[in-house]
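Take a look at the structure below.
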Amino acid sequence: MAGLLKKTTGLVGLAVCDTPHERLTILYTKTLDILKHFPKHAAYRKYTEQITNEKLDMVKAEPDVKKLEALLQGGEVEEVILQAEKELSLARKMLKWKPWEPLVEEPPANQWKWPI
């Protein structure tokens, strides 16, 4: 449907997506699946899950691409797809990094004090 409405995004290097609803649904679902592996208390899981669910609900509720772009407030729908891809990539990295675990060693006493 997006291909019928516009021929270009107007952004260099960013091609028009013919199936933005399908693409966003897949990306948001994959992100939510990865977040299920995080502990429930992890801040990244809590807030990313909330935002991703809100965006997924918008994608499911609004069939018109232009209205969806306005709802998501992320620019062109292709830019939103790019953001969703980056969030999925970050979620995978965060799962590997495990930032919710305690530090391996204690930080120096005045690490965050400035000026020293």
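Cβ atoms here come from the backbone N, Cα and C positions, even for glycine.
Residues or ranges marked as N-acetylalanine in Swiss-Prot (evidence: similarity to another entry): ALA2.
Per Swiss-Prot, the feature N6-acetyllysine maps to LYS30 (among others); the stated evidence is similarity to another entry. Sequence-distant neighbours of LYS30 (N6-acetyllysine): residues of the same chain at least 6 apart with a C-beta under 8 Å from its C-beta are LEU88.
Annotation note: LYS36 (N6-acetyllysine) sits in a coil segment as assigned by DSSP. Note on LYS36 (N6-acetyllysine): other Cβ atoms within 10 Å of its Cβ, all shown chains, come to 9. Taken from Swiss-Prot, the feature N6-acetyllysine applies to LYS36 (among others).
What Swiss-Prot lists as N6-acetyllysine is LYS46 (among others), and the listing cites a large-scale study or a structure entry. In sequence order, LYS40 constitute the residues six or more apart from LYS46 (N6-acetyllysine) in its chain with CB-CB distances below 8 Å. In this structure, LYS46 (N6-acetyllysine) is part of a helix by DSSP.
When other Cβ atoms within 10 Å of the Cβ of LYS60 (N6-acetyllysine) are tallied across all protein chains shown, the result is 12. Feature annotation from Swiss-Prot assigns N6-acetyllysine to LYS60 (among others).
Just so you know, the Cβ of SER89 (phosphoserine) picks up 11 other Cβ atoms within 10 Å once every protein chain is counted. The feature phosphoserine is assigned by Swiss-Prot to SER89.
Listed in sequence order, the same-chain residues six or more apart from LYS98 (N6-acetyllysine) with CB atoms under 8 A from its CB number zero; the list is none. According to DSSP, LYS98 (N6-acetyllysine) sits in a coil region rather than a helix or strand. Under the heading N6-acetyllysine, Swiss-Prot lists LYS98 (among others).
As annotated by Swiss-Prot, N6-succinyllysine applies to LYS98.
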